[in-house]
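Written out below as structure tokens is the structure these notes cover.
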Amino acid sequence: MAALLRPARWLLGAAAAPRLPLSLRLPAGVPGRLSSVVRVAAVGSRPAAGERLSQARLYAIVAEKRDLQEEPAPVRKNSSQFDWALMRLDNSVRRTGRITKGLLQRVFESTCSSGSPGSNQALLLLRSCGSLLPELSLAERTEFAHKIWDKLQQLGVVYDVSHYNALLKVYLQNEYKFSPTDFLAKMEGANIQPNRVTYQRLIAAYCNVGDIEGASKILGFMKTKDLPITEAVFSALVTGHARAGDMENAENILTVMKQAGIEPGPDTYLALLNAHAERGDIGQVRQILEKVEKSDHYFMDRDFLQVIFSFSKAGYPQYVSEILEKITYERRSIPDAMNLILFLATEKLEDTAFQVLLALPLSKDESSDNFGSFFLRHCVTLDLPPEKLIDYCRRLRDAKLHSSSLQFTLHCALQANRTALAKAVMEALREEGFPIRPHYFWPLLAGHQKTKNVQGIIDILKIMNKVGVDPDQETYINYVFPCFDSAQSVRAALQENECLLASSTFAQAEVKNEAINGNLQNILSFLESNTLPFSFSSLRNSLILGFRRSMNIDLWSKITELLYKDERYCSKPPGPAEAVGYFLYNLIDSMSDSEVQAKEERLRQYFHQLQEMNVKVPENIYKGICNLLNTYHVPELIKDIKVLVDREKVDSQKTSQVTSSDLESTLEKLKAEGQPVGSALKQLLLLLCSEENMQKALEVKAKYESDMVIGGYAALINLCCRHDNAEDAWNLKQEVDRLDASAILDTAKYVALVKVLGKHSRLQDAINILKEMKEKDVVIKDATVLSFFHILNGAALRGEIETVKQLHEAIVTLGLAKPSSNISFPLVTVHLEKGDLPAALEASIACHKKYKVLPRIHDVLCKLVEKGETDLIQKAMDFVSQEQGEMTMLYDLFFAFLQTGNYKEAKKIIETPGIRARPTRLQWFCDRCIASNQVEALEKLVELTEKLFECDRDQMYYNLLKLYKISSDWQRADAAWTKMQEENIIPRERTLRLLAEILKTSNQEVPFDVPELWFGDDRPSLSPSSRSAGEDVTEKTLLSNCKLKKSKDAYNIFLKAEKQNVVFSSETYSTLIGLLLSKDDFTQAMHVKDFAETHIKGFTLNDAANSLLIIRQVRRDYLKGALATLRAALDLKQVPSQIAVTRLIQALALKGDVESIEAIQRMVAGLDTIGLSKMVFINNIALAQMKNNKLDAAIENIEHLLASENQAIEPQYFGLSYLFRKVIEEQMEPALEKLSIMSERMANQFALYKPVTDLFLQLVDSGKVDEARALLERCGAIAEQSSLLSVFCLRTSQKPKKAPVLKTLLELIPELRDNDKVYSCSMKSYALDKDVASAKALYEYLTAKNLKLDDLFLKRYAALLKDVGEPVPFPEPPESFAFYIKQLKEARESPS
């Protein structure tokens, strides 16, 4: 073995990239790391602080904006699907540090359904089957990986060496036993050549089982192929010898490493640590830890977590506490710890997992209401014994880490249908005095109800009785009665099993059940004898069903009269008239038109009996009933219902070309004849100016001074400025002022005067011109501000300090330009040009103090670093850190060191604990390097940011390849490709195409499948005669106007070209059409489109223009045209925007066009890139059906989707808010009533509370407070949907004039006032509406309750009080709103 390793010295020297990813540092099975296979680092280096699992970094890639070039449909679709999958997995990893099996399964199924998955998608899925699945056993993970491999291979994915390497990595992470020789044979059979990464992982596979002989064979292969032996190999051999029982040789590996020229790093020591931990040798572990502490190396939290796993897995949990004491628990390491906890529990080491959990710290400002929830949920999934899980819950609560641990566990148990666990937890909660509510049992009852399991129902009722919970009406009606033949048999069964309570709840449930079955006589008897208050609204839906199933009109009338006149049933608002009116409306609305027609006579009789009983209904409800009767084609009944209207409460309710000599002769002749010369004089002056004949122009002006006008002076001033004639320019300006003090020159002439006067040190005159611009409100455009910059920069380059300072001060003070970083550059430049670095730094700092900008700080720092000005560097960094934060300071210093070639110092900066990627800043430096061809600096940036947390590695290498392409350096590009593989980077398709282009240009083989991009030039071939130079300029002018958003000017150019029969490119027409559509110039856009289609073969609009066209067609109600546009765009494989498709669907719904909506649904099926939620179709199809009076069909479809066992949409995402809102806005009362019934049924029968909560919130938002209150009374569980209510409050608080809505919500659900998110939203809304009184009341209420108020809440309240001139009763938080928003967001996102 030593003989194989000693020659590694020269191999290592030849290695282009000796490092391996950090992901190769974990022992097998631990989340995020492999078995003792260690990352190679430079001597003394450590991974950047803040990094997570390396696999997590695979997904931390910022979604790219698509290239401007249009991609063909197959490529674009494949790429967009990859981005979608990446986004889903990335979000999960960012949020939790792991991936769930369900999410990975959904992404896998979506990938397969695309029909043409790509190699990148395969790589992404395979790499997700390892340690990112801590909630799955090792065998399940590997089985999943094999399933993905086989399925994608069937679908035609071509695997390359990166896929085999990914599979190897999964095997190692999952401790999968396999034959490395068979694996190599499999690769050979697929004609895939192994690379260095393959051999390194095969060595790790042998070493994991202690097979040193096998590892030696692979080392031999590597030697013959001249592959470098990296530290990862040495570290694997440490593990191999240890697992072979040879600890002496394991430790000797460190000596061999030194002989090979490598100083063992912390990764190698970590491998040795794990080896001793697996043997339970705590003494050796302590010695290694002590040795590393005394060296330049250090261990990170995640390293200690590996050691904990090694001890636990080997059966030595007694040493875990000692290792836990060494962990610092930095924020970035929390996800690693959480994943270790989950995996320990999965491996039946839940006690150790709980020990680690208890050691985790609470994040800053954490509310202690969800700490450890992830662990408890996983324990429920693993079906741990109830007594153990309850013990965990109590220990968490006693440690004040999770205030509602038992409640949360109960929630998980009910969701997972763990009856025994749920019962045990409920009993524990009851013992502690926590109220157990009936709806907690509904998920358990629902399963038995579906199978008509009477004994199961009885068992659950017994459990309810045992834990002291009385079933409510909904429980009986929805879950108990349906399992029996009659109410009597229910009563008998409950009595027999001693489950019938003495309260009236069961009797009231019986009444509802009788109503449902049409037994009206029993209902009447009950209502007459009832002594308890009973709400009419709670009976309404049931009575409607009862009335329809019984045709005894006398009973109809008697029940209605009783409910109308008896105060027990209509004592609450809105009163008896409204209650009966809505009941009649809903009764008729519940019937079909044929049913109403068949029962016309009985309804007439019913109305007349009500009249005799003196029952009244309001006028507005009467009108609604009339509309219904007209719709049902029974207008004859209107006169019969009219007699019920309460009349006492009725209320009712957009020159030809000439030479200068000719003009001068004409001018003299006119003067001699005594005729006006103004026009000719102006024409002559303009001509001389155009000829740049300043001397002659000034002579003409002097000769005819008495005849001069403002326009002539303006032209002369501009001419003198162009000729750098400050004296005459200033004199002419003074003459203009004497002639007409109110005259205003155009902006360009003022700017020209400032420039020439400043250049000639006439600062006061220049400042006076600036003051005049301000006084006369001269138009300041972006081009004007740019001109100011050039004036200042010119003075700076000339070294004119005072000129720069005074002109800048005047420009900014007068408000002619904002004090931006760009306009302030010259203040620093003037000192840099003079080499005065202290003054340059002071100028930059002064700008920040005065204007909050820090111009040219990078250039100043670079100069200071070059000169070695340590004191000034420290001063600069202290200032930046104080004003812009430590992270900004670190990046400034990092870039300065990179720019100046101080790479060791740059490395130290980027490895600072806690630093994380800032994509915008990194891209800024990349662009700077590319623009100035700084290859070495960019290469070092890419190298040093390898371990930077959340760094988009593909983006970094893409920038590097762009630079290599400029220099045609294919060798470096190829080396970059090797490094990308070693880092396990999943390249985007654009990166692969760029690399392939570099290699092909240099006649090199491309080692991967190149994603194809088909595109053609549809520019019409025009002969030279038809495209003159002048016409080309016209096209450029048109595009220039488009860029400036000048739609009218651009369209006029098009008209001119059209007359001349000049044809532009299709891109130009698409751009013009898009601009016209954005300006809502629909007719003109269609004109351009028609012309392009008739003159360019195959002309089509691009995605963006077609999307705009659809939106404009919808706005004009051209729905058929919009549908045709959408179909054409999809046929061209374009991807229309989400808003365009959504607006078309919504417009079709309001027209009741179900067929067209379903056609769109078929058209966009599989196009996940549009981002259309399935709820868009569900909501709008239902709305369209309701518009067609097909209410029952709409309700049935929604109910089926909600209650189906194979739900396409998870219940928590099944949002019906849009449907409810439109039904309320369109005043579709029958539909609203049926939706209300359906929503309540879903809540009562299936414990699905989102629909009824959405309805409640829409009623509140639309001002229907009474209806909302009644709904809340019927379904009290709405008040417990805290997450939905919080989201509603957040969205509402962002809209003006919505404070009353939030007030109403808090009145209906008072307990929300103590929710920190809700009261923060309330204050935000009050501040937005300037509602000081409400804000004061809220503040006083919260302070009286001694609730902790965050700084953002206090900042908003203080700002509101200051706006109205009232004193602030507390010290105002000093930072900006943005600061506190970010602070609060980070606090809430902190994992617990």
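Placed from the backbone N, Cα and C atoms, the Cβ positions cover glycine too.
Quantities reported herein were computed from a predicted structural model and do not represent experimental measurements.
If you check Swiss-Prot, you get these features:
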- K151: N6-acetyllysine (MOD_RES)
- K186: N6-acetyllysine (MOD_RES)
- K225: N6-acetyllysine (MOD_RES)
- K291: N6-acetyllysine (MOD_RES)
- K462: N6-acetyllysine (MOD_RES)
- K749: N6-acetyllysine (MOD_RES)
- S1025: phosphoserine (MOD_RES)
- S1026: phosphoserine (MOD_RES)
- S1028: phosphoserine (MOD_RES)
- S1137: phosphoserine (MOD_RES)
- 931-1050: region 'RNA-binding' (REGION)
- 160-194: repeat 'PPR 2' (REPEAT)
- 300-334: repeat 'PPR 6' (REPEAT)
- 437-471: repeat 'PPR 8' (REPEAT)
- 677-708: repeat 'PPR 9' (REPEAT)
- 709-745: repeat 'PPR 10' (REPEAT)
- 746-783: repeat 'PPR 11' (REPEAT)
- 821-856: repeat 'PPR 13' (REPEAT)
- 953-987: repeat 'PPR 14' (REPEAT)
- 1065-1101: repeat 'PPR 16' (REPEAT)
- 1102-1136: repeat 'PPR 17' (REPEAT)
- 1176-1210: repeat 'PPR 19' (REPEAT)
- 1315-1349: repeat 'PPR 20' (REPEAT)
- 1-59: transit peptide (TRANSIT)
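Shown in sequence order, D1103, A1104, S1107, I1170 are the residues of the chain, 6+ apart in sequence, with a C-beta less than 8 angstroms from the C-beta of S1137 (phosphoserine). Separation of the C-alpha atoms of K462 (N6-acetyllysine) and K749 (N6-acetyllysine): 92 Å, rounded to the nearest whole number. A simple way to gauge crowding: the CB of K291 (N6-acetyllysine) has 12 other CB atoms within 10 angstroms, across all the protein chains here. DSSP assigns K225 (N6-acetyllysine) to coil in the three-state reduction, outside any helix or strand. Long-range Cβ contacts of the repeat 'PPR 8' (437-471) within its own chain (Cβ-Cβ under 8 Å, at least 6 residues beyond either end) map to 410, 414-415, 417, 419, 422-423, 426-427, 430, 478-480, 482-484, 493-494, 497-499, 501, 503, 505-506, 1244-1247, 1277. Of all the modified residues in the list K186, K225, K291, K749, the shortest Cα-Cα distance to K151 (N6-acetyllysine) is found for K186. Between the CA atoms of K749 (N6-acetyllysine) and K291 (N6-acetyllysine) there is a gap of 75 Å. In the repeat 'PPR 17' (1102-1136), the DSSP tally of helix, strand and coil residues is 26 helix, 0 strand, 9 coil. Taken residue by residue, the repeat 'PPR 11' (746-783) breaks down under DSSP into 28 helix, 0 strand, 10 coil. The modified residues K151, K186, K225, K462 differ in how many other CB atoms lie within 10 Å of their CB, and the one with the most is K151. The separation of K186 (N6-acetyllysine) from K291 (N6-acetyllysine), Cα to Cα, is 44 Å. The secondary structure of S1137 (phosphoserine), as reduced to three states from DSSP, is coil rather than helix or strand. Mean pLDDT across the repeat 'PPR 6' (300-334) comes to 90 in this model. Residue counts for the repeat 'PPR 19' (1176-1210) by DSSP state, with H, G and I taken as helix and E and B as strand, are 25 helix, 0 strand, 10 coil.
K186 (N6-acetyllysine) sits 20 Å from K225 (N6-acetyllysine), counting Cα to Cα.
A sphere of 10 angstroms centred on the C-beta of K749 (N6-acetyllysine) encloses 20 other C-beta atoms. Under DSSP, the residues of the repeat 'PPR 16' (1065-1101) split into helix, strand and coil as follows: 27 helix, 0 strand, 10 coil.
Non-local neighbours of the repeat 'PPR 9' (677-708) in the same chain are 655, 658, 660, 663-664, 666-667, 670-671, 715-716, 718-720, 722-723, 725, 728, 732, 735, 739; each lies 6+ residues outside the stretch with a CB under 8 Å from one of its CB atoms. In the three-state DSSP scheme, K462 (N6-acetyllysine) falls into the helix class.
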